[in-house]
Structure formats: C-alpha cells, structure tokens
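Copied from Swiss-Prot, the annotated features are:
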DISULFID  Cys8-Cys25  disulfide bond
DISULFID  Cys15-Cys27  disulfide bond
DISULFID  Cys21-Cys33  disulfide bond
Amino acid sequence: SGSDGGVCPKILKKCRRDSDCPGACICRGNGYCG
C-alpha cells in the first residue's frame, strides 16, 4: 500500500487545505491542488 503516496495526480481540484487534495498534492495559493 502507499505505492503512489509520493505522486500528485494531474487532477484540477479546488481546495482550501492540503488535506482536500489527493495523493501528495498540496493546496496552492490559486485555490487548486497541485
């Protein structure tokens, strides 16, 4: 398990905090995961 734990999926997703984002993505200043 966790084989893709260091990967940020290339999905445009709105967020307010890092935990809103899939994988290793973080919530960027533009309000989207990246």
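Yeah, the Cβs are placed from backbone N, Cα and C, and that goes for glycine too.
The structure displayed is predicted, hence computed values, not measured ones.
Shown here: features listed in Swiss-Prot, placed on the structure.
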{"residue": "Cys8", "record": "disulfide bond", "CB count, 10 Å": "14"}
{"residue": "Cys15", "record": "disulfide bond", "CB count, 10 Å": "18"}
{"residue": "Cys21", "record": "disulfide bond", "CB count, 10 Å": "21"}
{"residue": "Cys25", "record": "disulfide bond", "CB count, 10 Å": "19"}
{"residue": "Cys27", "record": "disulfide bond", "CB count, 10 Å": "18"}
{"residue": "Cys33", "record": "disulfide bond", "CB count, 10 Å": "21"}
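You'll find the Cα of Cys8 (disulfide bond) roughly 9 Å from the Cα of Cys21 (disulfide bond). The two recorded residues Cys27 (disulfide bond) and Cys21 (disulfide bond) have their Cα atoms spaced 7 Å from each other.
Between the C-alpha atoms of Cys21 (disulfide bond) and Cys15 (disulfide bond), the distance comes to 7 Å.
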